Each structure stands twice: as C-alpha cells, then as structure tokens.
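> Structure below; questions to follow.
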Amino acid sequence: MRLLLAVLLLSFDIPGTASATADFVPAKNPVPGSFLVSLEDGAAVSASRSLAERYGGTVKSVLTVAMHGFVVRDLSEAAARRLAADPLVRKVFQDGTARIADTQANPTYGIDRVDQRNLPLDKKYTYNTTASNVTAYVLDTGIRKTHTEFEGRATDGYDFVDEDPIAQDCNGHGTHVSGTVGGKTWGVAKKVKLVAVRILGCNGSAPDSDGVEGIEWIAKNAVKPAVVNGSFTFDTPAIGDEAIGRLTRAGIPFVVAAGNSFADACSAGPARVPEVITVGATDSSDNRAGFSNYGRCLDIFAPGVGITSASHSSDTGSASMSGTSMASPHVAGGAALYLAGNPSATPAQVSEALVNSGTSGVVRNPGTGSPNRLLYTRG
C-alpha cells in the first residue's frame, strides 16, 4: 500500500522541556495511553525501547518496513507531547479507534454489474481469469476460513487484536469482504488466494496502530503478485500515510473504502493517501450511494449497496451488506484479475489500468470533484 547511540543520548538532556504542537497529532477517539511514533530518518529503530522508557512508556512493537518507528503504550498524553519534541522524533500520532465502514442490510445484485458497460443487468458474470496466481491480503475483522466459498484458499496471516497467529472472524465484516474479493460464488477473482490480517475486533473497531502493524506485517511477508484490501477508516486520518506509502512503493497495490460519511474522502484515512485506490459506492441503478464519500481523492466507483457475500455465521451462510466496505473488495478483486495477466505491474499501473478501463459517465450524482468511473472487470 512501510543513528548513532551517541546522538540518541544527546537528546536526553531534560526530556520534554520543549513543547510539541505540529509534531503531535491528536485522535478524535483516543485509545488511552497508546501512541504511534514516527522516527526521523537518521534515528535508529533499535533505540526505540530506550527512547520510550525515557519518557515513561513501553514499546508494543517496532516498525521497520512499512514505517520507521514504533508503537508505545502506557504513556500519558503530556509525556507523548514531550516525546514529539525529541529531535529523534518526526511525529507522534495519538492512537485512535479504527472502524469498519458501517454496513446495513439491503437487497442484492452483486458482481453482475462490473462485467458490463451499461444497465440493465444481464444476470451473468463473465471473466477471463480466476487470478489463481495472485494473493489478496484482507485487512479486516478476520476470515471464516472454513467457509465453502473459499475452497481452502483462505489462510491466516496474523491477528493484531488478540496478538496471535489465528485471524478468526467474530464480526462477519472480513468474511463478507473476502467473499467479494475471491469467493467461488460471489467473488470477482474466483481462485485468488486470501490471507486474513485481523486488525479489527468483534465490535468492528480497534486501535489505529493495529492497522499500521497489519500493514507492516504485509510489507514483511507479502508474496507477489499481491493486492491489499482495506475496508476500514482510521480515527486519525494521517496515521497510516507513511506505512501505506512505503507498502505501495514496495510494489503492492492497496485498495481502500472511501468512507460512509457522505463527505469529502480527502478528510478520511486511508482514503486520503495518494498512492491508494480509493473506492466509492453505487447502488443497483448506478446512483452514488447516499452514504458514500466523494471528491478528488476518489479513484473509482463500484457496487456497494445490497451486496450478498459469505457470512461468518456458518460454513455455508450468506449475508447482504452495504457500504464503501463492500465496494472496495470489488476493485481489489478487479486488481487481482489484472495482476493475474500482468504480475509485474506496479501499483500505479494497476490503478491506471482499472481507472482507464472503468465505464465513464454512468454514475449518477457522483459528487463534487469525483471521477465518473465505474469498475469494469473485462477491460
């Protein structure tokens, strides 16, 4: 979608006597005592624990690939603001509460729309590849891996909520999203390999830093060609910018939900990040969904109202959901189809291919500044 010890010691004269304003980013809904620290390029991440302890905190994890920094817990906000003023620190983000893009039950029409240019629906889904050589990493609530939709293609990545290797879904959102990416019945890319990276809890929320840690895990472990789907929003919009930028520069496309606030997508993270593919939602009549974010940070629209996909409630269950969370995995599946035939494509090339092949001018009321492009998977 990422220093010499002598220099470090020089920063410890009187920690926190300077004030930090621009280098401290507050959260809307803070996770008490938790912060994400982005270090300056010249600072060594090996000194993270010493630095955190100097200001009274405990390091939860060190980030070296998708981000240059660490997650610290047990730190007061006052101490975190002092930490932000340390010359080794680029920025401190107060940990917020990441959430799924909210869903609601609605009638369905599914993947029928994305393989044809215009309405009415032809009740068919035609595809040229199943993307069996591509891996889709699903940053979400986990996956019910035993569901028959996945045919044994879904595996565990890591669970950053429970901090264990089993990314089981107790919410349903991640299983539904995964079914749209690559389910045998409801999926866009019907043989793609699916990897569950759990960053959201049973209630559909978790600390923002769990999302950043998930991105770091993908950056370290991804098998290419690969695509990431992120159907969630950060509480602190900018908290994932660095990690996502590094992940995409490493060659992995990152598809995200625009958000469901009927607002400018540029105000939401990760939708605001230039390197991601940001997806708005449409309904079965090609209207922009009433909840969908819009604007210049959008790249493309996809169906997101009344989408039927796999349910976490049983190995054969289905559920209907709506949201930009449901639109994003259509595009992630489309990216997998493109990567199947173009395995060396860069994230920018994948984005360009999807946007350029999208059906132009069919989205009704796309919103101020939005591109009028609807996903087309046979381009």
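These residue numbers are counts, starting from 1, taken along the chain as shown.
A Cβ is built for glycine as well, from the same backbone N, Cα and C atoms used for every other residue.
So TrEMBL says this about it:
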type	residues	note
SIGNAL	1-20	signal peptide
DOMAIN	134-360	domain 'Peptidase S8/S53'
ACT_SITE	D140	active site, charge relay system
ACT_SITE	H173	active site, charge relay system
ACT_SITE	S325	active site, charge relay system
REGION	358-379	region 'Disordered'
> What does DSSP assign H173 (active site, charge relay system), in three states?
helix
> Please report the distance from the Cα of S325 (active site, charge relay system) to the Cα of D140 (active site, charge relay system), rounded to the nearest angstrom.
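On Cα coordinates alone, these residues lie 10 Å apart.
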> Tell me, how many other CB atoms lie within 10 A of the CB of D140 (active site, charge relay system), whichever protein chain they belong to?
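29, counting other Cβ atoms within 10 Å of D140 (active site, charge relay system).
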